[in-house]
């Protein structure tokens, strides 16, 4: 009985089981069979009626986004299917509540507003040989195919949040279910508690994590290694998603394990792929080629170097040499353009992009100087330095190129390099713009409204996750990431109408994720990385992917 679910619990225990609970939607037959008469009002309702009620309750909390976040979390603990169906129905409105920016505030207050645990808590102080059993216990005997983990060091632009980092893992997991149809019972959200350097948390009596400075060095590396090995042993073919690790560990950990198993860092690879997609869509309009472009990236941290790597891989795909591709990218950080005589201060990710110090650094002390001398056609902001793309910078971009590509990606909005309306005003409507946070449409000079796309990782990483799971890929290759970016760019509304966004609206994220997943699966098969022999060929792949996606629908319960 494929549309039925076996159930061994009855009565109040069933109503308290979020995975099985239907609330007022239990049929009279189910109420009789599972001892629910008297525990529910007599009127049997549809899920649509339940959504109407839940949405009204959500709107009643409209004065506080944090209270709306708490309401949705409460619904998740009560009725899993209804939670995801409500989000699916109102995705554009609710995405900022269950993820950035509201989830960031909830994470900051994690220990103060804590009510009940969710996910798997692993501590660097626990015996390493207990990690596997701990994860199995938290997985509730489910066949886990995807793990989202965070050590909480660099959360959503708000820094070290210690044990509160578990909530970024659970938030990402919820988006994987919502956006790509991953089965909620096959994802494990993991918090890796390694201490915290956030003194406010260490001084807080309510703080729930380890009350110690963040552990680094050999002990940290041994903990991560034990975690990865335990995950592989407990859940064969699992994909591990590293989220919001600090700059000193994010790329290092990814590089350590990406050849060993299928793993992914959204801050590096997801940001790179979605930004590359926006660039490819914009280049289609500007009639420029990527391999002929000059790119300035303002902010050379995890995101900035991840974007640079994605661009280099794309240029190599277009027959550029790696050396030539790197030469077309200028990384600018707090010390200015990165040069090779700064090597002691550069991270391993930054060093390949360091310019020859003989290029004339004295001429490029400010971002404006860089734009004036380099004349880039693409300017990307990952600096969290508000208003750094000022009028002078934007006017120079428009003076140098007919359709400059300007991407102020820092979020939240209070940290954005420029307001889209200002960019459009200063470039006289010439700029092609996408941002890291949602913005309303901007009126252009001809009174047309220009849609400003949000360069949201949620447009790409759910599809990547879905593809890794279904293909059973042994690793996530650079070519698979490039395939994801190209697939997303193919869906650009601006290709048909330049007033539309460079990227699809998040409202369509489910179909976007399917499209992205299909492209990645094909690439995995082509490279010989897929271990799934049941993948169909040709056009049948999309239908096969859709059949393997989970949807929030009530199933008939039958006694086990």
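These residue numbers are counts, starting from 1, taken along the chain as shown.
Cβ atoms are placed via backbone N, Cα and C, with glycine included.
Unlike curated entries, TrEMBL annotations are predicted automatically.
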Same-site divalent metal cation binder from 221, 267, given that TrEMBL records 243, 244: 267
Spatial separation of residue 99 (active site, proton donor) from residue 267 (divalent metal cation binding site) - C-alpha basis, Å: 15
Length of the line joining the Cα atoms of residue 456 ((S)-malate binding site) and residue 243 (divalent metal cation binding site), in Å: 15
Candidate recorded positions 99, 172, 411, pick with smallest Cα gap to residue 243 (divalent metal cation binding site): 172
Rounded Cα separation (Å) that holds between residue 411 ((S)-malate binding site) and residue 99 (active site, proton donor): 12
Local Cβ density at residue 411 ((S)-malate binding site) - other Cβ atoms counted within 10 Å: 22
Other C-beta atoms that fall within 10 angstroms of the C-beta of residue 243 (divalent metal cation binding site): 27
Mapped DSSP class for residue 172 (active site, proton acceptor), helix or strand or coil: helix
Pairwise Cα distance for residue 99 (active site, proton donor)/residue 244 (divalent metal cation binding site) [Å, integer]: 14
